[in-house]
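A.B. asks: Below are the structure tokens for one structure; questions will follow.
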Amino acid sequence: MNSENALLQSDILAYLEQHEQKDMLRFLTCGSVDDGKSTLIGRLLHDSKMIYEDQLAAITKDSKKSGTTGDKVDLALLVDGLASEREQGITIDVAYRYFSTDKRKFIIADTPGHEQYTRNMVTGASTCDLAIILVDARAGVKTQTRRHSFLVSLLGIKHVIVAINKMDLMEFSEEVYENIKKDYLVFSEQLDIPDIQFVPISALDGDNVVNKSENTPWFEGSTLMKTLENIEIGNDANIDDFRFPVQYVNRPNLNFRGFAGTVVSGQIKKGDKITALPSGKQSTVRSIVGFEGEQEVAYTPLTTTITLEDEIDISRGDMIVKSDNLPLQSSAYEVNLVWMDETPLMPNKQYGFKFATKFVPGSVTDIEHQIDVNTMEHKEAVRLNLNEIGVGKIKLTQSVACDPYTKNRETGAFIIIDRLTNSTVGAGMVIDAIQDSGTKTEYSEFELEFNTLVRKHFPHWNATDITKL
């Protein structure tokens, strides 16, 4: 039992107050098959004293049936929750685990290492601040390592810890560690990952995971847990660009009209000049109302309600920004695309696009190229299949305000929705806006009448009014 659990049992109020003050780090583990991702998470939980006795007894029993570690307790069984995963000894789903230490709270996403589960990894990585990339000390930097690193870079994760695992099988050789470190740094020069750190570990035995290992006297860095506790992520937040997607109009009575939502980046204070998009109408912040009443300032990631001096038309899906700091605004964008559905992405097919709180119909008009996630080569493509990634152009039925994903992960991301099944079939990241050409398609009388007929008698098809395209 760690000190936190002891405090929890003795003084629940003191525990809650202490817990409330900690910041949170979201991170994912990724690596090739059998690199030890689930074992590492189990080791972090075990050595941090975050496993209860009944859990330990259960996995000790299960280790004899499903374990892969001989006489040792298979800590990977703490995370591999699905029966099919245990039987195959692999991770399929994205498994989330929550734990905390005296310094920080953590959410771990254990993501699949297989290429056919790329969409699962993208889902797990989309909300993370840091990635732990496991490398098998016996194999070094492999194709899968490059693929995972590319995906981490694509999704805007700025901090990477390369955990060189199974060092016990290489007799904790410093030469092996340095060679892998050198190979990875050479490869990573073509990626946008500003902070890369390395740790030699043995997840099975716990070397350099939570406790410093006596087997690596040549390693002067911190253990994996200490690195996770001390890494600074506060500077990653976008505090310059105020973006406030409106979730709903809050009107409890005739005397109050506010706009509720989450500050996804930046900050706002009373008296600031704002612009509502897409209308472009301007006003001034009258008040900011939070859970405990009025406040002078609101900043990311607070959920709040903003009232304005002027009665301007704002509804769900609109975005409130500072008048002197406007985002991109266009109905056409160049984007990175990740396809997540078994039915391929087909250009010019109508989909739904969801940017923050705004839903707008549109289509992918062009696939410029597909990106080979293993080699990062660009290939010609006329469609994207399940788990494939590409660069393309989207055309929306109305203008949408957003930022490049590299500048703002919250307003630069979107999901693609199948309008018949309402399932999420893809995800995207904005690269840049494409200026509208101003040309308008001419439709025949028959096309106009047919479009009107479909929208009138088959509203569940969600057909777009082509006169507004």
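Using the three backbone atoms N, Cα and C, a Cβ is placed for every residue, glycine included.
Worth saying up front: this structure is predicted, and the values here are computed from it rather than measured.
Taken from Swiss-Prot, the feature GTP binding site covers 31-38, 110-114, 165-168. Marked as domain 'tr-type G' by Swiss-Prot: 22-236. Annotation source Swiss-Prot lists region 'G1' at 31-38, citing similarity to another entry. Annotated region 'G2' per Swiss-Prot: 89-93, in sequence order. Summarising the annotation, Swiss-Prot assigns region 'G3' to 110-113 and lists similarity to another entry as the type of evidence. If you look up Swiss-Prot, you'll see 165-168 marked as region 'G4'.
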A.B. asks: Counting Cβ atoms within 10 Å across all protein chains shown, which of the binding-site residues Lys37, His114 comes out on top?
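C.D. replies: Most Cβ neighbours within 10 Å: Lys37.
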A.B. asks: I'd like the number of other C-beta atoms within 10 A of the C-beta of Asp34 (GTP binding site), please.
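C.D. replies: Summing over all protein chains shown, Asp34 (GTP binding site) has 15 other Cβ atoms within 10 Å.
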A.B. asks: I'd like the Cβ neighbour count for Met167 (GTP binding site), meaning other Cβ atoms within 10 Å of its Cβ, all protein chains included.
C.D. replies: 28
A.B. asks: Among the binding-site residues listed here, Gly31, Thr111, which has the most company in the form of other Cβ atoms within 10 Å of its Cβ?
C.D. replies: Thr111
A.B. asks: By the DSSP assignment reduced to helix, strand and coil, which category contains Met167 (GTP binding site)?
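C.D. replies: DSSP assigns Met167 (GTP binding site) to helix.
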A.B. asks: DSSP says what for the region 'G1' (31-38): how many helix, strand, coil residues?
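C.D. replies: Looking at the region 'G1' (31-38) with DSSP, the answer is 2 helix, 1 strand, 5 coil.
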